[in-house]
Amino acid sequence: MFLLKHSRLVSRTLSVQLIQPSYFRIQMSTVSTTNPKFQKIFKKVDELKPDFIQVLAEAVEIPAVSADESLRPMVIKKAHFLVDKLKQLGFEDIQLKELGVQPPPVNDPKLQLPPVVLSRYGNDPSKKTVLVYGHYDVQPASIEDGWDSEPFKLVVDEEKQLLKARGSTDDTGPLTGWLHVVRAHQEAGIELPVNLLTCFEGMEESGSLGLEKLIGQEADKYFKDVDAVCISDNYWLGTKKPVLTYGLRGCNYYQVTINGPGADLHSGIFGGVIAEPMVDLVQVLSSLVDSKGKILIKGIDEMVAPVTEKEMKLYEDIDFSLEELEEASGSKTALYEKKEDILMHRWRFPSLSVHGVEGAFSSQGAKTVIPAKVSGKFSIRTVPDMDSAKLTKLVIDHCNSVFEKLGSPNTIHAELIHDGNYWVSDPFNAQFTAAAKATKEVYGVDPDFTREGGSIPITLTFEEQLKTSVLLLPMGRGDDGAHSINEKLDISNFIGGIKTMVAYLHYYAESPEN
Ligand SMILES: NCC(=O)N[C@@H](Cc1c[nH]cn1)C(=O)O
Ligand SMILES: [Zn+2]
Ligand SMILES: [Zn+2]
């Protein structure tokens, strides 16, 4: 069961008026549509809200952290949870596609990748077929990171009208949203206007390992009738205006390991007389990027497509501000002040982030250890026209060359852990047009068309392998705290997002084009 914050409000749980900016309130407080076609089904979505939240509560309780090998059984458990839900809803041809063992680096060489959940709802040749993709794995989370509540227990905050838990916005909330779309149609007695296929994976947060191959294998089989792919796994740019997303950065994730003594050592006995891996590693890591965010690895800037004047105009028209960035980051630490600079550095320039060090002392206290082997983790968000293989060569050569200059007797091994391509689409195709109409229907405003700094590694693969267009239809807001502490999804976004999915499927089904 989920936790209700402010328990005195329990009796009027979930039937309270939603607290929203004024122009949303008009659209969302009752049945949020001017179109009689959607009235019945939107009303049903509103009525089913408690049930939808209950499903989310059950789903987020499973700590499906793909990056944590010890939690792999939980990731697999969540796949089976989804299978049960799909069965209950009458989905057919449900298949758990196994992807084999996880490739190195991995502690357990027999570690199985979590399965991909394929299923189908409807098989009418006269209808279009929409494949919806989502991921059921989540980022790591623990209360010690600074969460206000247990991350794997859903908190329904009545006062703020939000749902808080790891996975609420990324991506369990949006993924389960697709199941609710089907339930709402069933209970409203309205036929789904398209055939719906699902592709739910459990490794997205760890680079979608194994999925690319499966999509290639199934392109002419399970996915052979797919007309369009829709992904709901990203966020509005800010907190007020809905967006549709037509671009993503890619992500190349690296690990650089420095190996030294045979075991961790006492720094009083060995300090000053042996070469310390951690000292070498911090020098390698600090050579990658400066404090202004400039990547210091030579040759990367030259791969980036130049900014055009036409493109500059796009950034000027987007509704966003420095204040929104500061609000979402909870700080005044932005590297840029102008909206255009912020957007370009988030969407169309590469960035390098240093994430952490495996093997180093990281707890409270003052342990006087010399770690024997340390691995620094960093990633580069990639953009057009960067080539992943060329980038990797530049990165590895750079690390080796910096290390060589240190003259250390330790050893270095720099490697790519996973890569996923950037993606940029045509925001005026039939799918985007249908989604824009759907957004207007639900929220009463035209969406902004945005790109995103994050990555969904499989997006380009769907486009290329299935020869279809991909739409990114975000559910949550820019301040949801995905990958961070206190991740949340506003209830109005959850319900509005489900309605938008509904309307998008209907408008896309009606569209004369594919
Ligand atoms: N909601 C999308 C998301 O969070 N994607 C991850 C994908 C990723 C790539 N490498 C590791 N994870 C992201 O970090 O952008
Ligand atoms: Zn995600
Ligand atoms: Zn994520």
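Yeah, the Cβs are placed from backbone N, Cα and C, and that goes for glycine too.
Curation does not apply to TrEMBL; its annotations are automatic.
Database features, via TrEMBL:
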- Asp137: active site (ACT_SITE)
- Glu204: active site, proton acceptor (ACT_SITE)
- His135, Asp170, Asp233: Mn(2+) 2 binding site (BINDING)
- Asp170, Glu205, His483: Mn(2+) 1 binding site (BINDING)
- Asp233, His266, Thr368, Arg381, Ser455, His483: substrate binding site (BINDING)
- 248-403: domain 'Peptidase M20 dimerisation' (DOMAIN)
- His266: site 'Important for catalytic activity' (SITE)
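Structural mapping of features recorded in TrEMBL.
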residue	record	Cβ contacts under 8 Å, 6 or more apart
His135	Mn(2+) 2 binding site	Asp171, Leu175, Phe200, Glu201, Gly202, Met203, Glu204, Glu205, Ser208, Asp233
Asp137	active site	Ala64, Val65, Ser66, Val75, Lys78, Pro114, Glu201, Gly202, Met203, Glu204, Glu205, Ser206
Asp170	Mn(2+) 2 binding site	Val138, Gln139, Asp233, Gly476, Asp480, Ala482, His483, Glu487
His266	substrate binding site	Thr368, Val369, Ile370
Ser455	substrate binding site	Leu248, Arg249, Gly250, Cys251, Arg381, Gly420, Tyr422
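Checking the recorded positions His135, Glu204, Glu205 against ligand 3, the ones with a C-beta less than 6 Å from an atom of that molecule are Glu205. Only Asp170, Asp233 of the binding-site residues listed as Asp170, Asp233, His483 bring a Cβ under 6 Å of any atom of ligand 2; the order follows the sequence.
Ligand 1 lies within reach of Asp170 from the recorded positions His135, Asp137, Asp170, judged by a C-beta closer than 6 angstroms to any of its atoms. Cβ atoms within 8 Å of the centroid of the Cβ atoms of Asp170, Glu205, His483 (the Mn(2+) 1 site) belong to the same-chain residues Val138, Gln139, Asp171, Ala482, site residues excluded. Highlighted in sequence order, Gly134, Asp171, Thr172, Pro174, Leu175, Glu204, Glu205, Asn234, Ile456 have their Cβ within 8 Å of the centre of the Cβ atoms of His135, Asp170, Asp233, the residues recorded for Mn(2+) 2, and are not part of that set. Look at His266 (substrate binding site): DSSP puts it in a strand. The recorded positions under consideration are Glu204, Glu205. Their Cβ neighbour counts within 10 Å are lowest for Glu205. When every Cα pair among Asp233, His266, Thr368, Arg381, Ser455, His483 is compared, the largest distance found for this substrate site is 46 Å. Counting other CB atoms no more than 10 Å from each candidate's CB, the binding-site residues Arg381, His483 peak at Arg381. Under the DSSP three-state reduction, His483 (Mn(2+) 1 binding site) is assigned to coil, being neither helix nor strand.
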